[in-house]
Amino acid sequence: MRVAVFPGSFDPITWGHIDLIKRSLAIFDKVIVLVAKNKSKKYFLSDIERFSLTKDVISSLNFSNVLVDRYSGFIVDYALINSIKFIVRGIRAFNDFDIEFERYLVNNKLNFEIDTIFLPSSAEHLYVRSDFVKELMLKKDVDLSNFVPELVFNRLKSKFIDK
């Protein structure tokens with residue numbers, strides 16, 4: 001069985017992430033969506049909220065061969081512990097590629113048996129970023145349906161706007 005891990009902060013999960021997960025399923029038998037924690041990053045949602053929301057969204061989409069997990073540490077270590085040979089990374093633009101390629105080089109030095117698969121974003125999701133969702137969320141009456149599923153919007157709205 002070909003298994004891949006798709007790591008990210010998912011702060012929050014977007015249609016861009018979901019598109020990459022769907023496309024990964026065309027390549028792999030199983031995809032583990034890994035809600036990762038980067039200690040140098042400041043998050044909008046707590047670790048538990050990011051994990052719970054990502055898990056709820058994946059569940060609502062009825063993906064039978066997608067699991068959601070969480071991890072704090074090097075993704076390559078998670079892959080090794082779980083006998084996963086592939087890491088999927090999404091690429092929106094050239095600057096994403098620069099960052100992801102550097103991660104690939106580090107991972108390759110740590111364990112050359114784990115491959116990184118770079119998937120470019122679909123044209124309709126090139127502009128979708130969790131950062132934009134967070135900024136737009138602070139505005140009232142903004143339609144975020146092109147950025148996030150309704151479940152995400154409602155959860156964020158109840159947390160940040162309805163208070």
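Glycine residues also receive a Cβ, built from the backbone N, Cα and C atoms like all the rest.
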Residue among ILE27, ILE58, ILE75 sharing the substrate site, where Swiss-Prot lists SER9, LYS41, ARG89 as binders: ILE75
Using Cα positions only, nearest of the binding-site residues to SER130 (ATP binding site) (LYS41, ILE75, ARG89): LYS41
Conformational class of SER130 (ATP binding site) under the three-state DSSP mapping: helix
Residue pair LYS41 (substrate binding site), HIS17 (ATP binding site) - Cα distance, angstrom, rounded: 19
